[in-house]
């Protein structure tokens with residue numbers, strides 16, 4: 001029969017042996033992770049930059065629409081694609097729906113042409129749109145009249161009606 005001291009030594013040896021095996025596995029795994037991986041080949045694309053057409057509204061002359069994109073290149077997987085876009089409805093469409101301008105105040109009325117003008121400088125161009133740097137717009141000169149506030153005119157009408165009823 002084995003003595004308790006022998007059994008204790010055997011357990012210590014087994015524990016040490018298992019710890020040693022565990023350490024070997026950990027070190028081996030760590031070194032395996034450090035192995036040099038073959039570098040991924042960087043694909044140099046022969047594809048050109050995307051060139052986008054103007055945004056074409058789905059209905060009307062503003063709102064949601066689409067634009068076509070194309071690019072050149074012998075080994076391009078995709079040479080055409082369609083992208084959704086939006087034309088803001090408050091932009092001046094006569095200068096291109098993708099060009100946003102900051103306008104100055106209206107100038108004085110030209111008596112010879114009966115027009116007043118103002119200029120706008122380019123504020124923003126969507127999707128590299130080809131926009132003019134400055135634009136000028138004209139509109140007919142109109143009578144300068146200050147509209148009365150509606151609240152006052154309604155109040156006067158009510159008072160007038162009350163006086164008419166009192167007279168009747």
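Cβ coordinates come from backbone N, Cα and C, glycine included.
Taking all protein chains in view, 13 other C-beta atoms sit within 10 angstroms of the C-beta of residue 76 (disulfide bond). When secondary structure is read from DSSP and collapsed to three states, residue 76 (disulfide bond) falls in the coil class. Positions annotated as disulfide bond by Swiss-Prot, on the basis of similarity to another entry: 47-76 (among others).
What Swiss-Prot records for 55-85 (among others) is disulfide bond, and it gives similarity to another entry as the kind of evidence. DSSP assigns residue 85 (disulfide bond) to a strand in the three-state reduction.
Taken from Swiss-Prot, the feature disulfide bond applies to 62-89 (among others). For residue 89 (disulfide bond), the count of additional Cβ atoms within 10 Å of its Cβ stands at 12 [all protein chains shown].
The feature disulfide bond is assigned by Swiss-Prot to 99-131 (among others), with similarity to another entry given as support. For the recorded site, residue 99 (disulfide bond), the DSSP three-state label reads strand.
Mapped onto three states, the DSSP output places residue 109 (disulfide bond) in coil. Residues or ranges marked as disulfide bond in Swiss-Prot (evidence: similarity to another entry): 109-141 (among others).
According to Swiss-Prot, the region 'Chondroitin sulfate binding' annotation covers 92-99 (among others).
Beyond its flanks by at least six residues, the region 'Chondroitin sulfate binding' (123-131) meets 52, 54-55, 67, 85, 95-96, 98-102 of its own chain at Cβ-Cβ distances under 8 Å. Residues annotated as region 'Chondroitin sulfate binding' in Swiss-Prot, with similarity to another entry given as evidence: 123-131 (among others).
Per Swiss-Prot, the feature region 'Disordered' maps to 139-168.
If you look up Swiss-Prot, you'll see 147-168 marked as region 'Chondroitin sulfate A binding', on the strength of similarity to another entry.
Within its own chain, the signal peptide (1-32) is flanked in space by no residue lying at least six positions past its ends with a Cβ under 8 Å from the stretch. The signal peptide annotation in Swiss-Prot covers 1-32.
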Cα proximity to residue 85 (disulfide bond), best match among disulfide-bonded residues 47, 62, 76, 99, 109: 62
For residue 47 (disulfide bond), the number of other Cβ atoms found within 10 Å of its own Cβ: 15
Least surrounded among the disulfide-bonded residues, given as 62, 85, when other CB atoms within 10 Å are counted: 62
